[in-house]
Amino acid sequence: MLSSTMSHSEEDVDLDGVLNDIGQFGFFQMRQYGLMVLPIIFNALFTLSYIFTAGNLVYRCLVPECEQSGTDVYHPLWLNQSIQFDNDERCQRFQHIAHNNTLIEEECNSESFNSSAIIPCDRFVFQSDENTIVREFNITCAQNDWKITLVGTMNNVGQFVALPIAGYLSDRYGRRWILLVSVAGSSLFGLIRSFATSYEMFLAMEFLDPVVGSTMYTTAFILALELVGPKMRVTGNNIISCGFSFAEALLGLLAMYFRDWRVLLRILYIPGFLSLPLLYTTAESVRWLLSKNRKEEAFKILKKAAHLNGKSLPQATLDSFNDTDNSSSTQKSLDSKNYTYLVREAFSNPGLVLRVINCSFCWLTNTMVYFGLSLNSVSLSGDKYLNFILVSLIELPGFFLMQLILDRFGRKKTLFTTLVLSGLFCIISVFTADIPALKLILFLLSKLSITMSFGTLYIYTVEIFPTNLRQSLLSTCSMFGRIGSMVAPQTPLLAKFWTPLPMVLFGFLGISSGVAVLQFPETLNNELPNTLDEAMNMRENDIIPSSNDR
């Protein structure tokens, strides 16, 4: 059986019990989370930067007969007579009628243009001084819109390609080193991107950035969560989630004040390099070390954690680490089973395969609905930077609600309820098109629900897979989730066939995924499973809080 060879060291050491004795969320865990929040912030800034660096701009045709090149007057008095606004006004204008050889702006009026003759233009006047790749690389007019949307797609393709590979490397070689490589590599490609001399170079760097850095979030999340006790996982999860939401809002704030895409990228990515010495001091996952039978290193970390938390390691733990005979026999057993064997044997279990498929569908649904709603939020009137900030901060109430209900009602009930509610709110909004205020409320409720679902899904995925394969399987599910984020930007095209179709699709996926979630086991108050047998035979286990659960 896999459980007899996969993780003897973890069976010898009751890690959740040890964490309960030395403090489930003491100073040691606070320091660890303080460090892990940094890559979480970087991931939000790096992953979503293209929204502003490759953002479309408001522009119109330059009318050389009426204005000078380089003019900063976007709304001259004659503008309405020169452009047909119900057409592609960005790149077409009415032909100017020359009355004499001296053409000055004062002569441009309603009689200066032939409204029956529409001509294309290749020079433009931009409404603001904002500089994105649209302006710098002349990616203008409807025929080039695909180049703008391709940037976001390439970012997600990079994540799709890299996540399973990064998950394998993390489970094989450790969380800490993969995190450092991820932050360093992503910062490097992001900084190079700020010096791009062409659209093609920008696009290549936009792809390579997530190829190296896409595992930043999942690695930091697992590295932080594996070092806290069962009673503090929800709190730990919410710290990470709130960090990501605040980072999204920070991105909007930085983009508001630094409107040149090159400057913005440098401000976003240089801190990644500066953080590397600090991130180097983070502790490796004790669970991962034990799964590799590196008990001496794990003991040092736990001893340091106990010291920083003002506690002492229990005698039973000291005895288990000093059991050299068991350690030796375990090492021989582990040496006979390599990582490829463990993956092959694990996936020969039909129950695990179905769980991975179900989990992947849930991830796809969450990413598509989450990012789909975010993309549709741009239709809200007002300043786009402020809207982005508000849409990011609206997620925070969802995390606070998770804090209140997740440990009370369980993971499965919470995930089921939030997915179904999000789906229902999407479908109901279809019938409120004539009531803008109600439609806005339903939109926000749906975003709130899917935010809670996404936060629950992260912690749930960590809890239903065994330690040795945890990040690999989390990355696999997240990889399929990237399909949802790749498809989400294209969902507005469905509205050309039927206006409510995108929201109906989101609603159907949410409800379907909610029902499928009922097949998962409840993990409330369970210890993290170390072996395949433990993961596949989990039962709800109500743990009575002790005096050390703080």
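One is the number of the first residue shown, and numbering goes on along the chain from there.
Each Cβ is built from the backbone N, Cα and C atoms, and glycine gets one as well.
Heads up, TrEMBL stuff is auto-annotated, nobody curated it.
These numbers come from a predicted model, not from an experiment.
According to TrEMBL:
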type	residues	note
TRANSMEM	33-52	transmembrane segment
DOMAIN	108-525	domain 'Major facilitator superfamily (MFS) profile'
TRANSMEM	177-195	transmembrane segment
TRANSMEM	207-227	transmembrane segment
TRANSMEM	239-258	transmembrane segment
TRANSMEM	264-283	transmembrane segment
TRANSMEM	352-373	transmembrane segment
TRANSMEM	385-406	transmembrane segment
TRANSMEM	415-435	transmembrane segment
TRANSMEM	441-460	transmembrane segment
Over the domain 'Major facilitator superfamily (MFS) profile' (108-525) the mean pLDDT stands at 82
Other same-chain positions with a Cβ less than 8 Å from the transmembrane segment (385-406) and lying at least 6 residues past its termini are 51, 234-235, 237-238, 241-242, 245-246, 248-249, 251-253, 255-256, 374, 377-378, 414, 444, 447-449, 451-452, 455-456, 459
Same-chain residues at least 6 beyond the ends of the transmembrane segment (441-460) with CB under 8 Å of its CB atoms are 221, 225, 233-234, 237-238, 240-241, 362-363, 366, 369-370, 373-374, 376-377, 391, 394-395, 397-399, 401-402, 406, 411-412, 414-415, 418-419, 421-422, 425-426, 428-429, 432, 506, 510, 520, 523
Same-chain residues at least 6 beyond the ends of the transmembrane segment (239-258) with CB under 8 Å of its CB atoms are 33, 36-37, 40-45, 48-49, 51-52, 217, 220-221, 224-225, 264, 267-268, 385-386, 388-389, 392-393, 395-396, 399, 402, 455, 458
Stretch winning on C-beta pairs under 8 A with the transmembrane segment (33-52) (pool: 177-195, 207-227, 264-283) is 207-227
*Cβ-based contact of the transmembrane segment (177-195) with the transmembrane segment (352-373), 3 or more pairs under 8 Å*: no
